[in-house]
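> Before we start, here is the structure in question, set down as structure tokens.
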Amino acid sequence: MAGSGSWDGSQSDNSSQFEPGIDNIYEAFICPLTKQVMHNPVTLENGQTFEREAIEKWFQECRENGQPLSCPITSKELSITDLSPSIALRNTIEEWRARNDALKLDIARQSLYLGNAETNILLALKNVREICRNIRKIRQRVCNPQLVRLITDMLKSSSHEVRCKALQTLQVVVEGDEESKAIVAEGDTVRTIVKFLSQEPSKGREAAVSVLFELSKSEALCEKIGSIHGAIILLVGLTSSKSENVSTVEKADKTLTNLERSEENVRQMAINGRLQPLLAKLLEGSPETKVSMAFYLGVLALNNDVKVIVAQTVGSSLIDLMRTRDMSQREAALGALNNISSFEGSAKLLINTGILPPLIKDLFYVGPNQLPIRLKEVSATILANIVNIGYDFDKVPVGPHHQTLVSEEIVENLLQLTSNTGPEIQGKLLAVLVGLTSCPNSVINVVSAIRNSAAIISLVQFVEIHENDDLRLASIKLLHNISPHMSEELANALRSTVGQLGSLVSIISENTPTITEEQAAAAGLLAELPERDLVLTMRLLREGAFEKIISKIVGIRQGEIRGIRFERTFLEGLVSILARITFALTKETDATLFCCEKNLPSLFLDLLQSNSQDNIQRASATALENLSLESKNLTKIPELPPPTYCVSIFSCLSKPPVVLGICKIHQGICSVRESFCLVEGQAVDKLVDLLDHENDKVVGPALAALSTLLEDGLDVVQGVRLIDEADGITPILNVLLENRTENLRIRAVWMVERILRIEEIAREVGEEQNVTAALVDAFQNADFRTRQIAEKALRHIDKIPNFSGIFTNIG
């Protein structure tokens with residue numbers, strides 16, 4: 001008898017002689033070279049028998065060593081090296097092996113129950129694996145339903161080792177055996193195996209993946225595996241794991257590849273981040289498969305990076321589907337394109353791939369095979385997504401005659417389509433126009449088309465829509481975008497209709513949990529309307545708009561109204577709207593009374609200190625200028641008592657009566673609330689601080705507000721003294737010297753001339769050559785009136801003699 005040995009990594013057949021109930025191995029069955037039971041015995045000319053593979057290897061080694069071919073047993077040289085198959089011996093061995101396998105399987109069946117000792121179970125599982133491997137070698141198979149079910153029962157063991165070996169055994173049993181796979185697929189066994197992907201140690205996970213890989217080779221089982229909750233996400237997770245061994249990762253990947261035969265599995269993979277199979281089917285599948293995949297791509301949640309990948313991979317194919325005459329293909333393609341067009345990166349790729357021409361054609365085409373309205377709405381949505389990325393659309397042709405998206409003809413068609421469709425598509429078309437008007441390069445084209453088509457009235461009417469929030473929002477955003485270019489037309493439209501102005505006010509004043517985009521857009525729209533439009537201002541006053549706006553401003557300033565995203569733009573709009581009432585003070589008593597009642601000067605003084613909010617500071621300074629200009633009309637001049645007889649006789653010797661509380665500037669009794677006095681409101685310091693602002697649009701209004709203290713009819717000397725006390729002289733001179741804009745220079749020259757009327761200031765400033773140079777430049781190059789004022793300023797510092805005036809003096 002030959003001893004036991006190792007063969008092919010598993011326990012050899014000769015070990016069976018030590019197991020109870022197993023036939024002993026006959027010595028004739030053993031190959032002298034391998035010491036293993038032979039599978040393909042062959043005989044030499046001298047009658048010695050060997051395993052074919054082993055003796056062929058022996059002969060090869062003899063040749064490589066330059067030795068004559070000899071018998072490994074007798075060491076004698078062979079004259080003939082032909083190998084004769086030992087058919088009878090092979091049949092005998094196979095019969096012996098089949099008999100022993102049957103006995104081993106019977107013992108295994110008896111050992112495979114959960115109450116048995118772990119060692120017995122493990123031995124039984126090992127024997128089953130050996131038998132199955134041997135059967136594979138002789139290209140036979142065995143299907144023992146009872147045994148397969150007993151092995152699956154071992155998956156319920158409390159022992160990790162038993163469960164792992166049971167999985168390894170199942171993998172060997174089902175390999176290439178469809179019947180065994182079908183038995184494993186019964187009941188919840190596959191679900192249990194899937195569970196092991198996350199709950200077992202590393203070896204157990206590898207064994208579970210190996211079983212699933214074998215099962216997934218059966219097309220009939222692909223859907224069953226994929227239908228188990230968590231199966232695909234766990235497999236996808238394993239493929240990207242950095243901690244799993246390479247074998248587990250590779251088997252998981254191969255399993256998923258097999259599962260791709262089911263479209264539902266492909267969808268599940270896409271949901272869980274493995275999108276490539278879906279894209280591959282969309283590119284290479286049948287027309288029906290392409291439609292199915294495109295439909296699913298349209299509803300799939302995608303992050304922005306994935307949208308770019310999708311656009312790169314299948315963007316062209318989707319556009320081709322969109323161009324077909326098949327309505328289901330077009331619908332599926334539009335849905336997918338809608339999904340991936342909402343990110344700037346993917347939208348640019350789609351533009352470069354040529355999406356715009358067919359998209360525009362689908363929107364405007366009327367005739368056979370035209371898109372139904374519901375799909376035109378999707379087309380409009382895609383177009384809205386694309387135009388909101390801020391692309392140079394004037395360089396992308398979309399029509400047969402090289403029209404672009406911002407060509408007047410195309411924009412007018414969009415406007416016409418907006419008027420002739422339902423609310424859903426109207427909202428999308430308006431969103432397209434919002435995108436186009438958000439770009440400085442294209443807004444002028446849209447404004448021109450709106451003017452030429454007289455569409456402003458119909459656009460304003462959308463403001464009153466209450467049944468469709470998206471439509472109303474899009475219309476307000478569009479009107480806001482065009483308002484800087486069409487403020488007069490918008491004001492006329494709002495004046496000539498009933499309800500729209502009130503609707504905008506209602507939106508602004510609505511009590512919402514946070515500030516909405518619609519509120520910010522509505523406020524921005526009203527803020528752009530002509531500020532000197534008295535009719536519009538008084539309508540706002542009568543409708544209670546200003547009171548509501550004050551409430552909103554105070555609420556935001558006190559932190560009672562929040563909305564980080566839109567708070568700044570909303571507040572800017574509110575302050576600008578409120579400031580317009582100060583333009584009505586000279587003509588409307590009601591406006592003056594409202595400003596007094598609500599103490600608007602104090603509110604604007606508070607807003608003046610809104611650091612880093614230029615538009616709010618600009619509007620507040622402008623409002624304070626208007627309020628201050630009205631102070632001289634509101635100041636109460638005290639009545640002096642009539643002089644006594646003696647005083648009237650000796651008036652040259654008497655002193656004028658002293659009245660306490662007289663304003664130095666307005667020579668009357670002032671207050672910030674009732675007469676809008678900047679001095680009483682302690683506004684001078686705050687306005688002077690803004691003169692150093694980097695934004696010219698803030699400096700100008702601040703300078704204008706300060707200049708109201710130097711107006712004719714006021715005590716200019718006292719006004720200059722107040723500005724000097726606030727250290728405002730130098731900043732004013734700096735505005736003159738910097739010469740940022742012509743308007744700032746005109747205002748600065750006017751103020752400097754008044755300041756230089758103070759003799760000691762004139763002496764000091766006269767020594768500053770740069771100031772003199774700036775005044776000389778204004779004297780030579782500014783407009784006529786400013787040149788006159790600059791001449792007077794130069795006289796104050798003795799740079800022009802009094803007898804050398806060349807202009808008519810002005811008061």
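A Cβ is built for glycine as well, from the same backbone N, Cα and C atoms used for every other residue.
In case it's useful when we look at the structure, here is the feature table from Swiss-Prot:
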type: DOMAIN; residues: 24-103; note: domain 'U-box'
type: REPEAT; residues: 136-175; note: repeat 'ARM 1'
type: REPEAT; residues: 178-217; note: repeat 'ARM 2'
type: REPEAT; residues: 220-261; note: repeat 'ARM 3'
type: REPEAT; residues: 263-302; note: repeat 'ARM 4'
type: REPEAT; residues: 303-342; note: repeat 'ARM 5'
type: REPEAT; residues: 344-388; note: repeat 'ARM 6'
type: REPEAT; residues: 399-438; note: repeat 'ARM 7'
type: REPEAT; residues: 444-484; note: repeat 'ARM 8'
type: REPEAT; residues: 489-528; note: repeat 'ARM 9'
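Can you walk me through where each of these features ends up in the structure?
Secondary structure by DSSP for the domain 'U-box' (24-103): 33 helix, 12 strand, 35 coil.
Using a Cβ-Cβ cut-off under 8 Å and counting only residues 6 or more beyond its ends in the same chain, the repeat 'ARM 1' (136-175) has close neighbours at 39, 94, 101, 105, 108-109, 112-114, 118, 121-122, 125-126, 128-129, 181, 183-184, 186, 189, 192-193, 196, 200-201, 203-204, 207-208, 210-211, 214-215.
Tertiary neighbourhood of the repeat 'ARM 2' (178-217): same-chain residues 143, 145, 148-149, 152, 155-156, 160, 163-164, 167-168, 170-171, 224-225, 228, 230-231, 234-235, 238, 244-245, 247-248, 251-252, 254-255, 258-259, selected by CB-CB distance under 8 Å and a gap of 6+ residues from either end.
On the 0 to 100 pLDDT scale, the repeat 'ARM 3' (220-261) averages 94 in this prediction.
Within its own chain, the repeat 'ARM 4' (263-302) is flanked in space by residues 222-223, 225-227, 232-233, 236, 239, 256, 309-310, 313-314, 317-318, 321, 326, 328-329, 331-336, 338-340, which lie at least six positions past its ends and keep a Cβ under 8 Å from the stretch.
According to DSSP, the repeat 'ARM 5' (303-342) comprises 34 helix, 0 strand, 6 coil.
Applying DSSP to the repeat 'ARM 6' (344-388) sorts its residues as follows: 34 helix, 0 strand, 11 coil.
In the repeat 'ARM 7' (399-438), the DSSP tally of helix, strand and coil residues is 27 helix, 1 strand, 12 coil.
For the repeat 'ARM 9' (489-528), the residues of the chain that approach it from at least six positions outside its boundaries are 451, 456-457, 460-461, 463-464, 469, 472-473, 476-477, 479-480, 482-483, 535-536, 539-540, 543-545, 548-549, 551-552, 556, 561-563, 565-567, 569-570, 572-574, 576-577, judged by C-beta separation under 8 angstroms.
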> Excluding the flanking five residues on each side, which residues at least 6 beyond the ends of the repeat 'ARM 5' (303-342) place their CB within less than 8 Å of a CB in that stretch?
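Beyond its ends, the repeat 'ARM 5' (303-342) has Cβ neighbours at 275, 279, 282-283, 287, 290-292, 294-295, 297, 349-350, 353-355, 358-359, 362, 369, 371, 375, 378-379, 381-382, 385-386.
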> Would you mind listing the long-range same-chain contacts of the repeat 'ARM 8' (444-484), meaning Cβ under 8 Å and 6+ residues beyond its ends?
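Distant contacts of the repeat 'ARM 8' (444-484): 394, 406-408, 411-412, 415-416, 418-419, 423-424, 426-428, 430-431, 433-434, 436-438, 490, 493-494, 496-497, 499-500, 503-504, 507, 517-518, 521-522, 524-525, 528-529.
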> So, by DSSP, how many helix, strand and coil residues make up the repeat 'ARM 1' (136-175)?
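Output for the repeat 'ARM 1' (136-175) reads 29 helix, 0 strand, 11 coil.
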> Please list, for the repeat 'ARM 4' (263-302), how many residues fall into helix, strand and coil according to DSSP.
31 helix, 0 strand, 9 coil
